[in-house]
Amino acid sequence: MSGFSTEERAAPFSLEYRVFLKNEKGQYISPFHDIPIYADKDVFHMVVEVPRWSNAKMEIATKDPLNPIKQDVKKGKLRYVANLFPYKGYIWNYGAIPQTWEDPGHNDKHTGCCGDNDPIDVCEIGSKVCARGEIIGVKVLGILAMIDEGETDWKVIAINVDDPDAANYNDINDVKRLKPGYLEATVDWFRRYKVPDGKPENEFAFNAEFKDKDFAIDIIKSTHDHWKALVTKKTNGKGISCMNTTVSESPFKCDPDAARAIVDALPPPCESACTVPTDVDKWFHHQKN
């Protein structure tokens, strides 16, 4: 979407790497708190964290001031999603809807599990491979209820409103009809993607069936309500940084100079990326249960 830009700090694929978001005035903002949930009527904003086909597990840093995008770290090592045959990296553009929060203190009535303490996730199924940190408008089509290590982790299915075929997609049944096998592959991917790391398969509510657009929008709205409580300090933030520059009713709102000071304290941008381990391209073969 026009008006937003990114600024990288440090080298990609390094522990210090960060992607900050800026508004149309060039001021630093939080992609979690400052980008509006809606881009237009019935259109949601999406923050792209991971471009399709890539492996680096990039995500909004919810506990860091201004919530830049950074690569996830496990036991001191940068995380890369394995290529679980026949897939290569992420099979959609993957990211989050801003101004949403899956509250870890809220037991979801549909799943019986509490939220995962993150913005709600989005799988964008359009034809364009988006860029890390890109802000796009998406049309919501449906949702999948994943249970990740006992936590509710909703996966919204959506399409970029600028996709040439966006007009043909209005609900989850259109995905089933026009992209046969894609939803089944999505369930399979989420079920097994942690297996190469020695983790068990993930589980799902609703017998791994996708719920429709209206159901998905209701879930998104509920996570938006949880976010409102978070950013206005009406609920326990569980270590999340709510620093923002635009939410007038938030006690965490700061001025542009304070936001700039956060970024200026970090390493400068680096033109060359660090070397990605060669085993990131390895295929993993795993028998489905």
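Residue numbering: from 1, along the chain as shown.
Note that Cβ sites are derived from N, Cα and C of the backbone, with glycine treated the same way.
From the candidate list D103, D108, D153, the residue Swiss-Prot records in the Mg(2+) 1 site shared with D116, D121 is D153.
Within 8 A of the CB centroid of the Mg(2+) 1 site residues D116, D121, D153, the other residues of that chain are E102, G115, D118, I120, M146, D148, E151, T152, W154, K155. With respect to D153 (Mg(2+) 1 binding site), the closest of these modified residues in Cα terms is K57, chosen from K57, K228, S250.
On a Cα basis, K228 (N6-acetyllysine) lies 9 Å away from S250 (phosphoserine).
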